[in-house]
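J.: Have a look at the structure that comes next, please.
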Amino acid sequence: MVLHAGVRPDRDAGAGIGAAKLTTLEWGRFLAATAVVFGHTGPNVDKLAAPGVGPVLGSWPVPGALGVTYFFVLSGFVMMMVHAGDWGNLPAVPRFWWRRLCRIYPAYWLALLIPFFFLHSLITPEAAMPMILLSPGHDREFIPAAWTLRHELVFYFFFGLALIPRLGPAILAVWVFATFWRWIPWPVLDMLHLPRSVWLSRVANPWGMRAISYFNFYFMAGLAAGWIFMRLRPGRRTSLALAVLGATLVLVTLPDLAWGKEYGGQVMFMRMAVQVALLVLGLAGLERHGVLRGGPLARRAGALSYPLYVIHMPLLLALEITLPKLALSGPALQGALVAVLTLIYLSAWLITVLFDQPVQRALRALEYRVRRRPGWAAAPQSRV
């Protein structure tokens, strides 16, 4: 079914429950991407301002870090739900990894063409390949927002391993334990007469410490929320209480995080992971019980969010390099902000309709043809 404006509901958008989709959470995904876009666009437009002119967004805080937190928690939540039937199924592991790579790389590679074009004189094969492959131990980015994709890929790696029969849950437990061990402050470990995690950091160093990063708490909290949603099935009142509690705790915490612009210290990582997971769990429960309804527009917004996320920084780079030096102020500067945002969202929509969704359909068709070959080990179908 083709929806309005040419955007189809993304198969990755929403969480599957039978034939249904949790579309309410897709509004959060779109708003999270929008927060990141505004957080990067405002400072870039400020470079067009006349000397002495204040920020185009004023003192309004753009909660970009909160947007990333929501992204990561939602990712864990959706993976747990969509792949609930894949646990202990070995053929599901390569299929899961294949689909995750197909979801991440095409739009990212398209976006990467822009900085490669404008910054080609700075590119060497040694620097280019880690950026193209999103190697977890690499930190140099031509697309600054790509650092989050490296964390996503590490999470997908461990979640795929968790699906392996018998060994999978143990691997997941070791990953969770290792991350918590690194998180515990050394004075606490010393007080408990437990060894410090120095050797663990050395083992994880080739991965850029992403294997045991504090950001993993967001994914883990999402996994836990997804498990509770599927197994315990919170009722309508419980879901409402969880949503209100999560939203209240997040709002109370935001002043300590510059209203969502910062991530905070190691304790704050854990705190925000739990709070946002409560919010996601509550919203999902409210939609399941019919209290909230996302509708087709939420699906379209969710489908737009990833192309929007990966393309906005390359476009800002292209504008910064090609535009002449300006000295704007007042309505002219505000008009420039509107024009740049319009370009970003229009480009993201075109990429979604003309590139991302057609490529996703083609890759799914390719997978289907491969799976139909004789001798291919079958695995139950999931919706991502």
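Please read every residue number as a count from 1 along the shown chain.
Glycine residues also receive a Cβ, built from the backbone N, Cα and C atoms like all the rest.
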J.: For the record in TrEMBL, which of the ranges 140-160, 266-286 is the transmembrane segment one?
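T.: My reading of TrEMBL: the transmembrane segment range is 266-286.
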J.: Between 64-84, 169-189, I'd like to know which one TrEMBL lists as transmembrane segment.
T.: 64-84
J.: Tally Cβ pairs under 8 Å between the transmembrane segment (306-323) and each listed stretch (209-228, 240-260, 335-355), then give the stretch with the top tally.
T.: 335-355
J.: Near the transmembrane segment (266-286), which same-chain residues lie under 8 Å Cβ to Cβ, leaving out any that are not at least 6 residues past its ends?
T.: 15, 22, 24-25, 28, 69-70, 73-74, 77, 183, 185, 214-215, 217-218, 220-222, 224-225, 228-229, 234-236, 238-247, 249-250, 253, 256-257, 292
J.: Should anything in the same chain at least six residues away from the transmembrane segment (209-228) have a Cβ under 8 Å from its Cβ atoms, list it; otherwise answer none.
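T.: Residues 15, 69, 72-81, 136-137, 150-151, 154-155, 158-159, 175-176, 178-179, 181-183, 200-201, 234, 266, 269-270, 272-274, 276-278, 280-281, 284 contact the transmembrane segment (209-228) from elsewhere in the chain.
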